[in-house]
């Protein structure tokens, strides 16, 4: 993978000049000039997904110049490097192979001279066997009862992905009830345990090292809760499984290492739902549906690896994002799913994007002179319309938005879905085209308002429009289409990291806070005044001690 400063390329300089031509061009004028604009700026994937990027402040020339940037920064070479098992996470000396976890073609993928696929397939087979036993009721707890509830204990990638997917695929859920605990705040585990029966509860402890502070604190509290009812520590083996690589620590905890599901250093946390970390998904929806999730992601992997940049969906979305972030100065992107089951999708890719590309140092170790990762946020529609869309429509910030919706609802109640989708279509139209002062004045006049009344209110009713959006319309949210959608965003993030010359797959920014917390924790053990920090931190710690 080459280390090329994008801002020093000819393509970047051409984009800067092109931006001067484009900065005042409106989306409405682009549509007025081209009645084929939708056809030119949209694409379908596998007859399951339509991506419409026509309501953006771009022309064919914009995309050509952005694709020149991808060529100059050797995106094609970087894609080959990732798929071939090269150690592109150089700060940790690791390959990046979440694509191997869903490699349904089973073609060899080699790391350090060894094909990883036999081990991947062995873990999948072990997961299937485990899921079949638990779901069928063959797996019994310490009193001989079948499992009814599963608690996934993890944090970050070991929580956000499985929680997001199990929520998104709730229509496929079986009889098992899924619970997710992540926060080290004792309230989270305490509230999760309140309705549960120790005789019928299975815990999944998800920690690669089996040392993650938050996860192991919660796991020990869960074990204490369980043993307060079960008594015999030998019973732990029937109610706890581990998603880890530390067999020694897993065994010492009381878990049978036969019920330890491994993954590898080349699986990054925020890309790990496809691995053993996804065991909670497989338990929730059944292993066959988990395999369909993998198949959907694999189909998008093939599209990403094999499709030319000008038709490559992750690449196109990535380039458009760079255009806004680095040339228009847009600092945030909103992800707005019009599907209640997808309510955790924005939070999942908030982590996926911000932890991956929230870097200020390039791959040469130098501070960058351009923008890297944007701030990602969002809520399901139509809730967001009654919360923050006001600012998107009429505020002073440019906020590119991704609107996501299924054509087919899993809950076709009355006309709910038609009303939901009418809002989906209306919002992107309103954001793009707005409402002029002339239209507002004519509307008021037709309603019989006096000129004075019109003049008093009209300016506040104007919508400038020219707010960019992508619309991603799925046929239906299925395991396959969800897998493809997640992989689409994963590869968008990777593409942006390549072009922006940063390391996408490490996360050193999470380390300093953890180090300082480990230093502060012993200081909280007694009531002595703390003086070892700055005046603010000392005062906060001492007030906490005084009040607790």
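In case you wondered, yes, glycine gets a Cβ from its N, Cα and C as well.
Reduced to three states, the DSSP call for residue 355 (active site, proton donor) is helix. Counting Cβ atoms from all protein chains shown, residue 355 (active site, proton donor) has 23 others lying within 10 Å of its own Cβ. What Swiss-Prot records for 355 is active site, proton donor.
The active site feature in Swiss-Prot is assigned to 386 (among others); the stated evidence is sequence analysis. Of all Cβ atoms in the shown protein chains, 10 besides its own fall within 10 Å of the Cβ of residue 386 (active site).
Within the same chain, the residues at least 6 positions away from residue 514 (active site) whose Cβ sits under 8 Å from its Cβ are 213, listed in sequence order. Summarising the annotation, Swiss-Prot assigns active site to 514 (among others).
Residue 355 (active site, proton donor) sits 29 Å from residue 386 (active site), taking the Cα positions as reference.
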